[in-house]
Amino acid sequence: MLTFPANDVRRQSDTRARTHKKRRQPATDQATNMTQDFIALNEQFADKRPKDLIRHALEHHDAIAVSFSGAEDVVLIDMAVKIKPDVEIFTLDTGRLHAETYEFIEAVRKHYNIRIDIRTPEQAALQDFVREKGLFSFFEDGHQECCGVRKIAPLKAKLATLDAWITGQRRDQSPGTRSDVQLIEADGAFRGRSGELTKYNPLALWSSAQVWEYIKVFDVPYNTLHAQGFVSIGCQPCTRATLPNQHEREGRWWWEGAGHKECGLHAGNIISKG
């Protein structure tokens, strides 16, 4: 039986009403034409469906891919393959994922009959890191270095082949770092094959409840860890189930402070806040 996370039941219309108040302003007065284009596009798609933005993204970029984390962002795949069956999809295999996540990725591949580009850490760098720091250094000195080797480096290499990518970021996922996420924005942390990289976040204005309603209505496969109380899912040692009154990011790196709960995949969220 499908159980919905109870973290957020806000309606999409309520979130849209706050879009203008939450729009991130350029850090300087040197706003480029591209920035103005992004502002206009955010206005244009604020009242449209996520799949409308996905369609726009796929029609305007040749080198574009959907990022799949092995969690509820599977809805992006469901929407994208209905528009372009051979859409490029990639995921990051850190080597430390839950068995359920590996099973889920394979289930998604078979369900949609798609090819998923599985990106892994550079083996020499990973071996050097583990040899020097061990397998659980993140409990002692934070998760950033481990994430850098296992996630950020392979992501950076993948994005360097693209002009744009589609992510499952939502504003309600992490109030500290994602509350200003735009539907369309320039990636502030990574570079694409020709320089600037465009990031599309079609679910930015959706709540967790809306995502799970979509999963239920369209019978979308989902990670069985969600039924065990896991909301935000990452690597096995760094993720645990949350209680109903906890925010979803409290299940990530719980031994650290309550600051920026980001692994670095969306480092631009932190960069933009200074």
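Any Cβ shown, glycine's included, is placed from N, Cα and C.
The active site, nucleophile feature in TrEMBL is assigned to Cys263.
In the three-state DSSP classification, Cys147 ([4Fe-4S] cluster binding site) falls within a helix. Per TrEMBL, [4Fe-4S] cluster binding site is recorded for Cys146, Cys147, Cys235, Cys238.
Summarising the annotation, TrEMBL assigns compositional bias 'Basic and acidic residues' to 8-17.
Per TrEMBL, domain 'Phosphoadenosine phosphosulphate reductase' is recorded for 64-241.
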Sparsest Cβ surroundings (other CB atoms within 10 Å) among the binding-site residues Cys146, Cys235: Cys235
